[in-house]
Amino acid sequence: MSVGILGAGAFGTALAISLGHTTPVTLWARDAKQAQVMQNTRENTARLPGFALPAGVKVTSNLADLQGCDVLLLAVPAQKLRQFLRGLDQMVAGKTLVTCCKGIELETGMGPVDIAREICPQSEHAILTGPSFANDIAKGLPTALTLACANPDRARQLQQELSNGTLRLYRTSDVIGAQLGGALKNVIAIACGAAIGAQLGESARAALMTRGNAEMQRYAQHKGADASTLSGLSGFGDLVLTCTSELSRNYRFGLALGAGKAFDPATTVEGAATACAVAQEAREKALDMPISSVVAALVENRLDVENAMTKLLSRSLKEE
């Protein structure tokens, strides 16, 4: 099996490094100059410095070079996925598209697999998600992820081909649950970061993580997912990692919000758009999504952290 990776950011590059030791990998970068530099220097100094690309990785900016790949990993931001895939449906027909981004599209409320399936109906679809940082994968540190695919035979094949000595994949057919877990945990991570940034303490973070997990499961069930999927790697596992580490962009964004500091606008923060998409649906369909709604208000500058916590703590008392 040959693998193509669309997106030469930190995560796409890390996957190329991990898989490239045993599998032929073609890594596509949008910028031709960046692709040439990476191909020549064997390093992504802009996005993932300090890690050498294996000999089995070819870097290109020419989409035609991916024609021979059986599997394409889509490592592009969720909010840009639709625009990116437009016009590629014929090129990717018959191939397996594995989305590797985590988010909910603001305009439509759709997840990454839903978007890819709509734009590229002649392809097989899956999602790779779970608790992982690009640096850990590139270093070859033990990492476990969820591979979700509705086709059980294809899921088994992908699991075998993409797993290696340091990257272990667990498969599921619950695509909805897997993509929602990865998206929603980013929202909770912003909330936790804001609490710590505002010096509200570790107890507040623990409460937000626990009630956030319940909120994630509630929303996933509303969308037709199996709630138990949110207790696995793609849900709870990713939640724990993202809410406790400053390597998480969403958590760092929350820290900045809580501390009243500026955050680099060039940094992708998937949880911000996801929070707004979820909050909008919660309003329209009377869903109980208090943390997501508060995060959306924080992101849109309609609420500060102190009032956000007051709003959460003043809700009607209830059974757990």
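Cβ from N, Cα, C; glycine included.
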Candidates Ala64, Ala134, Ala220, the one Swiss-Prot lists with Phe11, Arg30, Lys102, Arg249, Glu270 as binding NADPH: Ala134
When distances run from the Cα of Ala134 (NADPH binding site) to each of the recorded positions Lys185, Asp238, Ser248, Asn250, the nearest one: Ser248
The one of Arg30, Lys102, Lys185, Arg249 whose CB sees the fewest other CB atoms within 10 Å, among these recorded positions: Arg30
Gly130 (sn-glycerol 3-phosphate binding site) CB neighbourhood, other CB atoms within 10 A: 25
Residue, out of the binding-site residues Asp238, Glu270, whose Cβ gathers the largest set of other Cβ atoms within 10 Å: Asp238
Of the recorded positions listed as Phe11, Arg30, Lys185, the one whose CA lies nearest the CA of Asp238 (sn-glycerol 3-phosphate binding site): Lys185
Greatest inter-residue Cα distance in Å for the NADPH-binding set Phe11, Arg30, Lys102, Ala134, Arg249, Glu270: 22
